[in-house]
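The block underneath contains the structure these notes are about, expressed in structure tokens.
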Amino acid sequence: MIFLLIKNELIKILKRTKTWIVFGLFLVFMGVCIFGLYYEDKNMQKYNSPQYKIEQIQKSINYTEEEMSKIENSKDTEYLNTLKDDLKHYEEEKIKYENQIKNQDNVEQWKVEITEEIKGHEENLKNKNITEDDKTWISERINKLKYLEQNDIKPLYGYEFNAYNYIDTVVTILGLALLAVGISVFMSDIVSGEYNPPTLKFLLVQPVSRGKVLLSKFVAVTITALTMIMSTEVLAFLGIGISTGFNSGTYPKTMGVRYALDSSNIATQRYPDLIRISNTGNIGTFNELIIKALLLQILFIITCCSVVFLISTLSKNSNITTAISIIITASGTIIFQIFNFSSKFAHLIFLSYASVGSVITGDIAYMYRNVNITPYNGIIVMLATTIISYTIAHIVFKNKEILI
């Protein structure tokens with residue numbers, strides 16, 4: 001009987017106009033992301049090309065030479081010496097990029113650039129004036145560059161148009177309340193919208209428990225949400241991957257970074273600093289990051305569905321449940337980032353784990369200034385929220401008076 005109920009609920013959901021409007025908007029969002037990432041890739045290729053950089057450096061050279069000619073007979077020798085040093089630096093940079101153009105057919109050029117960057121970072125580590133936080137970042141950057149060098153992997157800059165950057169961008173943007181709000185709009189009336197005689201008469205005249213009816217609704221709407229969201233993301237990922245390749249899957253990504261609170265400056269700035277703990281995190285691959293992020297996103301979607309489902313069960317008015325759901329999901333994502341007092345409790349709220357990619361890498365802790373936001377805590381919080389929300393919804397629906 002439960003499977004028949006789920007089937008009937010799925011048919012009802014798929015017949016709703018709202019279902020296809022929300023899904024259509026999601027498809028538009030995915031299309032905009034594809035165009036945006038493709039456009040950014042083209043722009044960044046232009047701005048990072050040696051030709052463009054030479055043009056900008058030449059402008060700086062011309063400006064510096066003009067300034068030097070203006071103060072050539074001036075007594076301001078300090079400024080003149082600064083300009084001379086700048087001019088020397090610009091000339092060196094220009095020569096470097098000109099050599100890149102000459103050697104652009106050299107497939108090993110990127111290895112030379114990595115070696116130079118490693119040397120530069122190692123020199124910076126010798127500087128006694130840099131902070132511990134900077135030392136940690138530089139050390140991790142050196143390790144990553146050496147990993148690329150040893151494994152013969154060409155470096156990426158994050159703007160490239162490929163399947164992995166695309167899916168990473170999508171889950172990040174969806175984490176900015178869009179996913180939770182979209183689910184709220186989609187299913188906020190899944191229970192409250194059916195408090196009318198034609199729909200609930202079946203509940204009262206057939207030998208079916210209220211618990212089974214409620215469960216069928218929850219399972220059906222959750223399956224629909226998961227299928228529409230995840231299938232679209234996966235198909236877009238595969239489509240872009242087929243056209244651009246899946247080589248980026250082996251690219252190294254740092255995951256599991258941890259932060260600690262530093263209270264040394266709390267007297268002056270009223271809140272502790274968040275510093276990155278050295279030697280935390282591990283280098284995995286882009287494949288590993290995306291798989292973990294998508295699995296965590298599935299759990300987040302289920303949790304979000306359970307919370308909105310609870311809200312829909314508490315009220316008989318669809319407009320009220322829609323408004324409350326949108327307000328809670330939108331404000332709940334933002335408030336815990338804006339206010340310092342609320343960020344202390346962010347790890348206890350499932351909405352804090354919406355940006356699943358940042359949760360896996362560990363960067364989410366820095367965003368919320370809360371060191372307790374970790375993937376493991378996120379899984380516990382979301383599972384607990386799902387169970388509690390559905391349990392309350394079940395109790396409320398089972399004991400609610402339904403008049404025909």
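Every residue gets a Cβ built from N, Cα and C, even glycine.
Curation does not apply to TrEMBL; its annotations are automatic.
Keep in mind the model is a prediction, meaning the values are calculated, not measured.
What TrEMBL annotates here:
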TRANSMEM  20-39  transmembrane segment
COILED    54-131  coiled coil
TRANSMEM  163-186  transmembrane segment
TRANSMEM  218-242  transmembrane segment
TRANSMEM  289-311  transmembrane segment
TRANSMEM  320-339  transmembrane segment
TRANSMEM  345-366  transmembrane segment
TRANSMEM  378-397  transmembrane segment
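Confidence across the coiled coil (54-131), taken as the mean pLDDT and rounded to a whole number, stands at 82.
The stretch in 20-39, 345-366, 378-397 that contributes the largest number of Cβ pairs under 8 Å to the transmembrane segment (218-242) is 20-39. Counting only same-chain residues 6+ beyond the ends of the transmembrane segment (163-186), those with a CB under 8 A from a CB of the stretch are 18-19, 22, 25-26, 29-30, 33-34, 37, 156, 221, 225, 229, 233, 236-238, 240-241, 244, 246, 248-249, 251, 286-287, 289-290, 293-294, 297, 300-301, 304-305, 308, 322, 325-326, 328-330, 332-334, 351, 354-358. Among residues of the same chain six or more beyond the transmembrane segment (289-311), those with a C-beta under 8 A of the stretch's C-beta atoms are 164, 167-168, 171, 174, 179-180, 183-184, 187-188, 190-191, 217-218, 221-222, 225-226, 229-230, 233-234, 237, 249, 253, 255, 321, 324-325, 328-329, 350, 353-354, 356-357, 359-361, 375, 378-379, 382-383, 385-386, 389-390, 392-393, 396.
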